[in-house]
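> Following this message is one structure expressed as structure tokens.
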């Protein structure tokens, strides 16, 4: 392979369990992946060189969208990547990070001052409510087998 | 041309600090070479677990709260299980406790290794990322291999015992939904032995790392102390020699609202508070595994320590303790009995669970209605407890660096190292508080 696959990994509102599984999958795969993949964005693995988003072949995105700033960032990621993959339950379906969407009046009243003060969105959104999502890796945490199949698929295409 | 004023007056704005768990930010305003303002804040977006657990049945709580945090999910799982068990007078069997300890040592190995190898080791070698380590340099190449070999052993230990290293599906109230196979547990011993020398090397690296910040203010180190340093049982002890029962810990933690942060900070009585590996080593290093104590005798002499960077070293020592203690438990295990989790009789009550999460003391208080649903809950996480001392330590470090004539870039670099040494977990910290904003 001449060119490395340019991969980004991003986390929005979630517990980052899929990041952990991904880093654990490196245990078995790092020798292969480091040869074939350029991790251009992955906050858990390296510091960003400058604030700018770079072009990517594949962006893995975990977590749900809680704020306008997160929404803007997700849209920018969409602009910069060929393929956008929603990773884990919060990204794919919104839950459990969107649990406040289903709160009763009493709970909502309790959290309202925080929502207002920090400018939360009225509802927590799954990724496909904001941008076009090309692939889903469901599960809480993400299903490892589907993730590995997806990785293989895009490594073959590139 | 170099503007001389740029060394006197500048702003540091770190939006998302890299190589930590979750999102945190830092703003520093320097004027005339003095700190005019410094704010360390947790910038995660809340998921409101304290509210979400209300009305849910006791049996559903552990798997729900595990989702508070990816990396230390099994700490939330076991701590909430303990709170439910204490509430309804369920006493776990000796076998259950042994298996929980094994599961937990797997977490300690995997989570500390994530922090030390992936997040902190690049700082020691002046690299941006562990992935940038030079494969043609024999030392760096070996460390890259160590990184993944060590994490894998911790990962496997949790998978074999708990079904998965993140959000383990088998542990439940009073026992295990599915019991592990003894052959699989036994097969881990050679793997644990294999990584042991790698950890001794890691301990040496962090013993020699030239990072020092001795905290200048009165500080209380606090943690759960048990005879076998198991992280799961015991009494709270402090560096001032106070012993506190688990259920009374809440009386000493004073919540402090930090208006610009998404999480609440804590003081211990009126002192700065620090929890985590450094606190545990300061308080109860004499309870470490015998083999660990023999092989690391020299560096254990460095404790008690107020050098906050020694949190890294303390974590490396704890990995060896977790390996040695796992091997002892595996040797002791002769068979696994078929034990079904007990049936629970519900009544109106309160349960408190306290364990040592990888980053420090984790506290669950759950109040139940008579049908076993949660009336309300309080969850206090380690990073919340450390938030105030972290900000104060950053302040002290920046003051020192400014006095030493360091540039903005150097300051950013050193501050990031210090924040990383605390190993904060923002996913955990941001999601519970019952803050009353006025």
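Cβ coordinates are placed from backbone N, Cα and C, and glycine is handled just like the others.
Unlike curated records, TrEMBL annotations are generated automatically.
Just lifted these from TrEMBL, have a look:
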type    : residues          : note
BINDING : B:69, B:72, B:425 : Ni(2+) binding site
BINDING : B:72, B:428       : Fe cation binding site
BINDING : B:379, B:431      : Mg(2+) binding site
> Applying an 8 Å Cβ threshold (strictly under) against chain A, tell me which of the binding-site residues B:69, B:72, B:379 fall inside, in sequence order.
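Filtering B:69, B:72, B:379 for a Cβ under 8 Å from chain A leaves B:69.
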> Looking only at DSSP and grouping its letters into three states, which state does residue B:379 (Mg(2+) binding site) belong to?
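Strand, per DSSP.
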> Given the binding-site residues B:379, B:425, which one's Cβ is surrounded by the fewest other Cβ atoms within 10 Å?
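Candidates: the binding-site residues B:379, B:425. Fewest Cβ atoms within 10 Å: B:379.
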> Count the other Cβ atoms sitting within 10 Å of the Cβ of residue B:72 (Ni(2+) binding site), across every protein chain shown.
28
> With every protein chain in view, what's the tally of Cβ atoms within 10 Å of the Cβ of residue B:69 (Ni(2+) binding site), excluding that atom itself?
30
> How would DSSP class residue B:69 (Ni(2+) binding site) in three states?
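DSSP assigns residue B:69 (Ni(2+) binding site) to coil.
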> Whole-number Å only: compute the distance from the Cα of residue B:69 (Ni(2+) binding site) to the Cα of residue B:379 (Mg(2+) binding site).
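About 13 Å separate the Cα atoms of these two residues.
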> Provide, as an integer number of angstrom, the distance between the C-alpha atoms of residue B:425 (Ni(2+) binding site) and residue B:379 (Mg(2+) binding site).
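With the alpha carbons as reference points, the distance is 14 Å.
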> Taking DSSP three-state, what's residue B:425 (Ni(2+) binding site) in: helix, strand or coil?
strand
> Would you kindly give the Cα-Cα distance separating residue B:72 (Ni(2+) binding site) and residue B:379 (Mg(2+) binding site), rounded to the nearest Å?
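That comes out at 14 Å between the alpha carbons.
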